[in-house]
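Asks: Pasting a structure below so you can have a look.
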Amino acid sequence: MLETVTDVASFVHYGNTSVFPTADNSSEIIPDGESNISKPHRCLQVLYDDIGTSRVRYWDVMLLIPNVAFLVFLMWKLPSARAKIRLTSSPIFVAFYILVFVVAAVGITRAIVSMTVSTSSAATLIDKVLWEITRFFLLAIELSVIILGLAFGHLESKSSIKRVLAITAVLSLAYSITQGTLEIRFPDKHLSAKDFNIYGHGGRHFWLASSCFFFLVYSLIVILPKTPIRERISLPSKRSFYVYSGILALLNLVQGLGSALLCADIIEGLCCVDVTTFLYFSVFAPLIYVTFLKGFFGSEPKILFSYKSQIDEPEDSDVHLPHTSSSGLGRKDLDRGSYSSTQIDGSGAYLDDVVSGPFGGAHSINSVDSDRWRSINT
């Protein structure tokens, strides 16, 4: 009798179907307020509830809207972004920009396809495969960002970037295959509703192990600048990279705690992993953009062009090889300076210091008398 009561209570707690005692066994079950629950936990229900009579789930819409909004933003910034990317010699910015596009596109594709499938067993399998494909791309990008961020100053060629992407793709594929095998062959019974088996990220135990692993990785990255290793290797100086790592460390910590609660059969842990799953699959791409690309794309194009034209002028000998006398300045040099006010305003004081140097103030550019300039012009 005790076993029968336990089975019924467990099923109605996680499933979506009420179980009522029949006439044969009604005397064996004494209903009370706790065992007569007809609805699953709200944190489980949000994962599969449909909008009205449609087959579209709230969960898919919640994940679709942020990805669509971010993709629209990327398309809006695309013309100016392409113009700025052409000006940089570093392939890392190009790689990051392509990666965020891929993340947004894959997230939208998964949500749309999941909305169109039914609740049959084949549709459930398709939905889980789409989740694994999305997770594969996200993890590949996540690992690539870690490596490229830590080795930002050491990877300057396209071939090295491609090698990093290839390595992270292989690692992500191995992870996704393992997770997908556990998810399809050994689905988590805690995430079953009606005839629809909800995607469980490989089960509670795999979820817990992976969350703890990534929490340790990102926590180590955050504390690296405080360790003696900073004197042996070159670490990123950009503060936003460590903020990014700290956010993901916190995300994996909460996800690990939620998974641990699920392993202890505490259904409230599902609320934690619901929040972390939503944040990861909807906010991860914007986080990469803000961390690594916002500052680069936020600069004005003319500044980049102006900087490039200044460093590429081959005949600007005044800065690199200053004359010891102002009489060495020819008419050609003066004429060229007339249309480059930025260079004059920005470097006039510097040239005064360099030219006057050990020769005193008599030969300073700004202290040359008008008679000397008049004799040069004539």
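Just so it is clear, glycine is given a Cβ too, placed from its N, Cα and C backbone atoms.
Pulled these features from Swiss-Prot for this protein:
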CARBOHYD  Asn16  N-linked glycosylation site
CARBOHYD  Asn25  N-linked glycosylation site
CARBOHYD  Asn36  N-linked glycosylation site
REGION    316-335  region 'Disordered'
TRANSMEM  61-81  transmembrane segment
TRANSMEM  88-108  transmembrane segment
TRANSMEM  136-156  transmembrane segment
TRANSMEM  164-184  transmembrane segment
TRANSMEM  205-225  transmembrane segment
TRANSMEM  247-267  transmembrane segment
TRANSMEM  278-298  transmembrane segment
Asks: With the transmembrane segment (61-81) as the reference, which stretch in 164-184, 205-225, 247-267, 278-298 has the largest tally of C-beta pairs below 8 Å?
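Replies: That would be 278-298.
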Asks: Need a quick answer: max count of Cβ pairs under 8 Å to the transmembrane segment (88-108), which of 164-184, 205-225, 247-267, 278-298 is it?
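Replies: Of the candidates 164-184, 205-225, 247-267, 278-298, 278-298 scores highest.
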Asks: Can you work out which residues elsewhere in the same chain, 6+ from the ends of the transmembrane segment (205-225), have a Cβ less than 8 Å from its Cβ atoms?
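Replies: Non-local partners: 146, 150, 175, 178-179, 182, 235, 242, 245-246, 248-249, 252-253, 255-256, 259-260, 262-263, 273.
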Asks: Counting only residues 6+ away from its ends, which parts of the chain sit with a Cβ under 8 Å from the transmembrane segment (247-267)?
Replies: 13-14, 41, 43-44, 142, 190, 204-205, 207-208, 211-212, 214-215, 218-219, 221-222, 273, 275-277, 279-280, 287
